[in-house]
Amino acid sequence: MDWGLAISSHPKPYSVTTGGNLWRSKHTTKNIYFASSWISKASRHKRETQIEHNVLRFQQPSLDHHYKCIRGGSTYQECNRKFVVKAISKQPLGFEAHASNPKNILDSVKNVLSAFYWFSYPYTMIGITLCAFSSSLLAVEKLSDISLSFLIGVLQGVLPQLFIEIYLCGVNQLYDLEIDKINKPHLPMASGQFSFKTGVIISAAFLALSFGFTWITGSWPLICNLVVIASSWTAYSIDVPLLRWKRYPFVAAMCMISTWALALPISYFHHMQTVVLKRPIGFPRSLGFLVAFMTFYSLGLALSKDIPDVEGDKEHGIDSFAVRLGQKRAFWICVSFFEMAFGVGILAGASCSHFWTKIFTGMGNAVLASILWYQAKSVDLSDKASTGSFYMFIWKLLYAGFFLMALIR
């Protein structure tokens, strides 16, 4: 043993314990015995230093024990002297860390992915993806148009738009940090899951990815789409003179219309028409119906998105439609816009040349309009959870509307 002292029982022993335990000594006479030799009182401090050093080197599979040390030789008294021992066990602690690492890593990955999910507003990303597919299918004239190159063309439009959406979500949360602590405390920036620096890095990275990817494709419809959307929604969020457009209800509504009714469907259609299918530029009737449908629907979205957030918007001077008109009035106006959008869908279906397409799209939009009206009557405007749930519900109706509008010919 490399302590150099005998270990046995003593009526009042020193004890060594783990986790910051103490050596205690109370007015007792103890014998220090080192390798059968007597040590002088003068060398006591030197030997105690060696003992403490050797205790730190002492390794056992379990550290949760008490060890008793006999001191022989010279006698002395110690009054309330305490020695703190930091027990170090390399092998057991290393083994425990190794055993727990996989679980800890998995939990960390899950937490990061969950935070990123809420950071990126997944409901808008689903809407963008379905809008891209719906608009792209309007360019299809015959079944042979749907090929591998067609699917690649759709992805060329979807991926950069998803990247720019993550950038825009990040910018909005960076500038709405204090508002979101009231309106949306579950968001990762407001809750503290992501730091401000992390938000900046994520936003900048996805902005670069979006424009870089689109530039590689060389599609001018997609490049123009990104420029319009990135510039308008950046101006919507950032708090600098003449910008922060979300403070002005009319301008905020124009941002919504320019994105969802104009930039997205028109750019996706012309990307597929001119870049992928190599056909001349055009503006068919089906695209006109989709633009009209999305104009009314995006107006409804512009009004309804701020209804659950009235409290925080009032406190921070955001003059939204819901703040200006009141929740009830703004709510029923937005419901009217949604119903108008489904009315456009019914007219589009009625204009179709194919009988079954006419029936399916016309009846489908009528069913969606009925479901919307039924759901709207059950909303409690005084309950933030109820209004928030309705807002997510109208996005689901939009998803269904995209499928129906893709069939218009």
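Just so it is clear, glycine is given a Cβ too, placed from its N, Cα and C backbone atoms.
Taken from Swiss-Prot, the feature transit peptide covers 1-44.
Sequence annotations record features per position, and here Swiss-Prot assigns transmembrane segment to 113-133 (among others).
Look at Swiss-Prot and you will find 148-168 (among others) tagged as transmembrane segment.
The transmembrane segment feature in Swiss-Prot is assigned to 200-220 (among others); the stated evidence is sequence analysis. Long-range neighbours of the transmembrane segment (200-220) within the same chain, counting only residues 6 or more positions beyond its ends whose Cβ lies under 8 Å from a Cβ of the stretch, are 116, 119, 156-157, 159-161, 163-164, 166-167, 170-171, 174, 194, 226, 230, 271, 275.
As annotated by Swiss-Prot, transmembrane segment applies to 222-242 (among others), with the evidence given as sequence analysis.
Sequence-distant neighbours of the transmembrane segment (249-269) (same chain, 6+ residues past either end, Cβ-Cβ under 8 Å): 128, 131-132, 134-136, 138-139, 157, 161, 221-222, 224-225, 228-229, 232-233, 235-236, 287, 290-291, 294-295, 297-299, 301-303, 319-321, 324. Annotation comment: Swiss-Prot describes 249-269 (among others) as transmembrane segment.
When Cβ-Cβ distances below 8 Å are used as the criterion, the transmembrane segment (287-307) is approached by residues 131, 134-135, 138, 249, 252-253, 256-257, 259-262, 264-266, 269, 313, 318, 320-323, 327, 330-331, 333-338, 340-341, 344-345, 347-348, 351, 381, 387, 390-391, 394, 398, 401, 405, 408 of the same chain, each at least six residues removed from its ends. Per Swiss-Prot, transmembrane segment is recorded for 287-307 (among others), and the stated evidence type is sequence analysis.
Per Swiss-Prot, transmembrane segment is recorded for 330-350 (among others).
The transmembrane segment feature in Swiss-Prot is assigned to 354-374 (among others); the stated evidence is sequence analysis.
Swiss-Prot lists 388-408 (among others) with the feature transmembrane segment, giving sequence analysis as the kind of evidence. Beyond the transmembrane segment (388-408), the same-chain residues lying 6 or more positions past its ends with a Cβ under 8 Å from any Cβ of the stretch are 123-124, 126-127, 130-131, 133-134, 137-138, 285-286, 289-290, 293, 297, 300-301, 304-305, 307-308, 338, 341-342, 345, 348-349, 351-352, 357, 360-361, 364-365, 368, 371-372, 375-376, 379.
Contact between the transmembrane segment (222-242) and the transmembrane segment (148-168) holds: at least three of their C-beta pairs are under 8 Å, each pair 6 or more apart in sequence.
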